[in-house]
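Beneath this line is the structure, given in structure tokens, with notes to follow.
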Amino acid sequence: MKPGFSPRGGGFGGRGGFGDRGGRGGGRGGRGGFGGGRGGFGGGGRGRGGGGGGFRGRGGGGGRGGGFQSGGGRGRGGGRGGKRGNQSGKNVMVEPHRHEGVFICRGKEDALVTKNLVPGESVYGEKRVSISEGDDKIEYRAWNPFRSKLAAAILGGVDQIHIKPGAKVLYLGAASGTTVSHVSDIVGPDGLVYAVEFSHRSGRDLINLAKKRTNIIPVIEDARHPHKYRMLIAMVDVIFADVAQPDQTRIVALNAHTFLRNGGHFVISIKANCIDSTASAEAVFASEVKKMQQENMKPQEQLTLEPYERDHAVVVGVYRPPPKAKN
């Protein structure tokens, strides 16, 4: 193998032929090969350091192999660039989405974002973007539709999510709080999110999240028994449910009867496999909608979550709608 040509994918990081350990650069970044590469000249100096960085989103990429000092500084960095993403907000515009409290970040790649309620804090390693507006800097957090059913529904074009600034939301099946954190961003300091989760392990993460976000109230209880936590929760405007249980419509109905105001709304994420793995997804969705109608819950729209989730649908509707005035 010729000096200075490392194998694709970096094999050994390509130690760059002679150059004084030049480049072990590339390293974790996948494209390894480039790192080592140019080592050969001048004591390895310009080994084009941590290659990788670029891949995981414009992040801190380890500069150019530690400047010129000989030895090439092993091209630090690259590695975990991704976190801060297009931090500086150069060439990035943020515009409001038609759902109040949700925004679209337009840059090299468009992304769904929410305004960070706790600037400087990342909840689950998501990218953050700071935009200067006058003298203020506003920080936004990227919202990944592959990790959040609500984000998938919004990108899928759902007509209404009913979660908006100032709303009081009951979130069933909060898990570790990935989506809850974004709902907390949307409702803002004047809103509230009651996050119900049965698993104690996820509940720990949820409680830690609530320490920093004062509008989240964690409830570590089984959503099947709303009477156990009825003293903690006031009437709410919206119920969002992602419980993935065979009797999930019944669970949502029990909570709606207890906490949801008349004319309030619900957003339910349905995973067909969890309810009946033998029937087709469409049949499962249809039967769940029927059950909702029997519980005074009037579905208004249904949307599948392709391409983000398989055999998932979101149903949005209204609870006990007020009777229409007759003319």
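Just so you know, glycine gets a Cβ as well, placed from its N, Cα and C.
Under the heading compositional bias 'Gly residues', Swiss-Prot lists 7-80.
Swiss-Prot lists ARG8 (among others) with the feature asymmetric dimethylarginine, giving experimental evidence as the kind of evidence.
For ARG15 (among others), the entry in Swiss-Prot reads asymmetric dimethylarginine, with the evidence type experimental evidence.
The asymmetric dimethylarginine feature in Swiss-Prot is assigned to ARG21 (among others).
The asymmetric dimethylarginine annotation in Swiss-Prot covers ARG24 (among others) and is backed by experimental evidence.
Look at Swiss-Prot and you will find ARG28 (among others) tagged as asymmetric dimethylarginine.
According to Swiss-Prot, the asymmetric dimethylarginine annotation covers ARG31 (among others).
Marked as SUMO2 cross-link by Swiss-Prot on the basis of similarity to another entry: LYS90 (among others).
Under the three-state DSSP scheme, LYS108 (SUMO2 cross-link) falls in the coil class. Feature annotation from Swiss-Prot assigns SUMO2 cross-link to LYS108 (among others).
The SUMO2 cross-link annotation in Swiss-Prot covers LYS115 (among others) and is backed by similarity to another entry. Cβ neighbours of LYS115 (SUMO2 cross-link) (same chain, under 8 Å, six or more residues apart in sequence): GLY101, PHE103, ILE138, GLU139, TYR140, ASP185, GLY188. A strand conformation is recorded for LYS115 (SUMO2 cross-link) in the three-state DSSP classification.
If you look up Swiss-Prot, you'll see LYS137 (among others) marked as SUMO2 cross-link. Mapped onto three states, the DSSP output places LYS137 (SUMO2 cross-link) in strand. Cβ neighbours of LYS137 (SUMO2 cross-link) (same chain, under 8 Å, six or more residues apart in sequence): PRO119, SER130, ILE131.
Secondary structure at LYS149 (SUMO2 cross-link), as computed by DSSP, is helix. Annotation source Swiss-Prot lists SUMO2 cross-link at LYS149 (among others), citing similarity to another entry.
There are 18 other CB atoms within 10 A of the CB of LYS164 (SUMO2 cross-link), with all protein chains counted. Reduced to three states, the DSSP call for LYS164 (SUMO2 cross-link) is coil. The SUMO2 cross-link annotation in Swiss-Prot covers LYS164 (among others) and is backed by similarity to another entry.
Reduced to three states, the DSSP call for ASP222 (S-adenosyl-L-methionine binding site) is coil. Marked as S-adenosyl-L-methionine binding site by Swiss-Prot on the basis of similarity to another entry: THR178, THR179, GLU197, PHE198, ASP222, ALA223, ASP242, VAL243, ALA244, GLN245.
Put simply, the two farthest-apart Cα atoms among THR178, THR179, GLU197, PHE198, ASP222, ALA223, ASP242, VAL243, ALA244, GLN245, the recorded binders of S-adenosyl-L-methionine, are 19 Å from each other. With every protein chain in view, the residue among the binding-site residues GLU197, ASP222, ASP242 whose Cβ has the most Cβ partners within 10 Å turns out to be GLU197. In the three-state DSSP scheme, THR178 (S-adenosyl-L-methionine binding site) falls into the helix class. LYS149 (SUMO2 cross-link) is 10 Å away from THR178 (S-adenosyl-L-methionine binding site) when you measure Cα to Cα. Counting in whole angstrom, LYS164 (SUMO2 cross-link) lies 24 from ALA244 (S-adenosyl-L-methionine binding site) by their C-alpha atoms. The Cβ of THR178 (S-adenosyl-L-methionine binding site) has 19 neighbouring Cβ atoms from other residues within 10 Å, across all protein chains displayed.
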